[in-house]
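For reference, the structure is listed below as structure tokens.
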Amino acid sequence: MLIFALLLPWIAGSLWLLWLESFSPRLTGFNIPRILGYGFFLGNFFCASLLFLAHFLFGQLSFAAVSAMLLFLSCVGFLLAWQRTGYGKVSIRFSLPAMEDSGRKLALLIAVHLLFAGYDALNRPLLPWDAWTTWTYRAKICFQNQDLSSFVDAAAWLGTTAADTYTIPAHDYPLTVSLIQLWPSLATGTWDDRLAAVPGLFAGFALVLALYGQARSLKHSALLALAGGYLLISIPLLDAHLALPGYADIWLSGFAGLGFVSLLQWSQSKDRVQLFTGLLFLLLGFFIKREGSLWLMTGLLFALIQGLPLKLLAALILAMILAVFSGFSLVDLPGLGRLGYLDGDFYLPGVGTIRLQPQDASLAVLNNLFTNSSWNLLFYYVSTMLLLQFLPVSRQVRRALLSFVLLLSMVIATIFFLSEKGIWLKDSTAFGRLLLQVLPALVFALLIQWRAVFPRSQTSGNDGP
Amino acid sequence: MKYLRRFPMASSLLLALLVIICASLTVVYLREAPAAFSGQSLQIPLEAFSIVKGSGKRQPGALTVDGYTGGKAIISNLQGLKSSAAYRYVRFRLTPDKLIDTLPLFFWRSADTGKLHSMALEENLLDHIDLKQAEGWGGAISEYGFIFTESDGRSWHLQAFAFTPDTLTQALLNTLSDWLEFEVWSQHSINFIYGGASDKQLSPVVLAGSWVLLTLLIYSLIMWRKRQSLSTRKVAAVLLSGWVLLDTRWLLNLYQQMWLTHDTYAGKSLSEQYQAGLDAEYYRFFERIKKEVLPEAPQFIYVLDSRTAYFRAKTPWFLAPHNVFNVDSYPRPEYAKKGGFILILHPVPGLKYDPSTRSLRWGKKGNLPVSPVYLDPLGTLYQIRPPVN
């Protein structure tokens, strides 16, 4: 039953991704690793949404009802994909690429990382703080009450006598990840911390699959695509989140991180399906964690920078500067909230207010990126990648990579250098996790740079654009 | 120069390695300021140690402590150390080496025997200590050893102990030991990874990163001078080699962690796993409250605690599905209206139970009628009584 529960959302998500990718101008067939990688996250989002919907419709948490809806979604996804191929043969064959020795070693290293993380995740009780105070705690309460119990702030909780209303400090965080963690226990009918960890563990594998697929679409050889997957899975902080599951950051890495990967892919291939997938995943990230809205806005800006002609972009920036100096620095987005800056406060939809309060956090940033072992050598290579932009490289590559890293730096600067949240950097509690959310895109940016520096290293590839 | 042009990549690798080694030696020498280049370590035989509080036994190659008196056990070397200034580090092997909260190494100085000096060993720094950092270290030491606090019937095995001198060789050995220090999963792991000891002098990440980038720089310059293009394979190999080098250290850490997890938790039920971990005592306490005192239907429970944020924050998790409020130190007026239970984990200053009025009292007017329903060294549970009028 557990395997059924884990595979069903994955299949549903992958079939819908298959349909979506059928709009892509393929050369030879579907990019199965990419579909499976992205499909895992989409499917789990379906699963959480359906749990919520089923509770709304039937007033209870029903495994059977949600399974039936997921099966229905899978059938619809398949029929849509089949219809796109003219009701012919849906070519989803995938054969493992012929690998030389180095490829086998890299695949083995990826497997070893997943094995170590998996062994820890499945053999120990829940460890990380926010897991047992927030994310998994809500799943446990919902399971034990067999109900979607509500969570409110302390003042509201003290004012009510409703037994099914609970309070936690992070009561306003989206419920999606908690529902994903609840699903395996709902399938087996018993609560177990270790069951709640299983989807998070699979998320690591799905991230590697998605990145491998995207690298193949860049026309990288299987070896280089595997190297990308290895770089990702061997990042120690990612390993920690796989071995000590319960936080939402790895899920946001699947939505915001892979969303940015798709946008970067679109910036190179101009495949509009990737643009749509990227924006869709960034939008879904909004329902994973509050930072999702930050990444959605960053993604929209990135898409604008890539999509608009430079002259129009410059005019737009000039207009924005003029608007700010004319006193129009704040807009009210209907249904989303305020966006902009006013009287020392930044307003971001979904995040709320960030008070302008400059912090001296540069040493903490350098220490986090370059001295401790959270990232292996990732930021040495990202820095080198930035330096290489000053050499003659393709304008398309330079525009994509520079704008991505600059936007990312702006987000970090706003949060950690200009706001009171800089204190989180000094005690290192949030900085690493914020970067983890876009980690797949940073690794993918390196793969794009590699292709630009060594164009001869690419192969014709057989996984489509 | 001939070799540089003939074997550009190999030469670049070696040249960069040479530069990095020289730079590292300089940094270690300048930071540690060792007094000499070589010197003799002083191995302390295990026979020199005796159990002065608690109980245990001697085994071949180990001194084991497994009994506690008044919650403490002490092993000590009463022979002391005459010229402590000659030694800068103490190295030891003590197992289990990672399931501890604090483990003080203590010593008495001959000059001021009334004063006990202790050093709480930090996480990720458990096989050697820099005594230069220890307040009071110097002169003749009359006694030294370890003080163990009883925790869940844990036993300790001391297997080696040595004082090592202030030499460059020792400083380098310690640096190497810092790099290979096992970093156990803890609350910080989800936010950052130290990569060995937390306060190491040289970061292996900086060294590996500098080595890779310097190699590529030298290689690029050579190839530029030779007017040849870079070899894709060689550049990829160098980039990956630095990464794999650090990953090997990380995999070793993961491997050790996997065995620690295996030894501590594998094959156990969830309940047994909690009882094998650091939360064991509190887990059992919360389970007793759930099974023996609280009704099955979810109750309102207010946790009051003035000392540990950790267990107060973890109470809702262990008592779920009971509805726990863990924000306060003192009761609020709303508690009486909502009813339920108050759980006091550690005594809150200014808050006390008054048996004559059967109420919790605090401040000048604070008063909440309660009945104690469960008393335990780890906490007291009171049931809130409705007001009389």
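Indices start at 1 and increase along the chain as displayed.
Positions of Cβ are set from backbone N, Cα and C atoms, glycine also.
Now, the feature entries from TrEMBL:
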TRANSMEM  A:6-23  transmembrane segment
TRANSMEM  A:35-57  transmembrane segment
TRANSMEM  A:63-82  transmembrane segment
TRANSMEM  A:195-212  transmembrane segment
TRANSMEM  A:224-244  transmembrane segment
TRANSMEM  A:250-266  transmembrane segment
TRANSMEM  A:294-310  transmembrane segment
TRANSMEM  A:317-337  transmembrane segment
TRANSMEM  A:375-393  transmembrane segment
TRANSMEM  A:400-418  transmembrane segment
TRANSMEM  A:430-448  transmembrane segment
(request) May I ask you to check whether the transmembrane segment (A:375-393) and the transmembrane segment (A:317-337) make contact, with contact taken as at least three Cβ pairs under 8 Å and only pairs 6 or more apart in sequence counted? (result) no
(message) I'd like to know if the transmembrane segment (A:250-266) touches the transmembrane segment (A:35-57) in this structure, counting it as a touch only when three or more C-beta pairs sit under 8 Å and are separated by 6 or more positions.
(response) yes
(message) With contact taken as 3 or more Cβ pairs under 8 angstroms (pairs 6 or more apart in sequence), are the transmembrane segment (A:400-418) and the transmembrane segment (A:294-310) in contact?
(response) yes
(request) Tally Cβ pairs under 8 Å between the transmembrane segment (A:250-266) and each listed stretch (A:63-82, A:195-212, A:224-244, A:317-337, A:430-448), then give the stretch with the top tally. (result) A:430-448
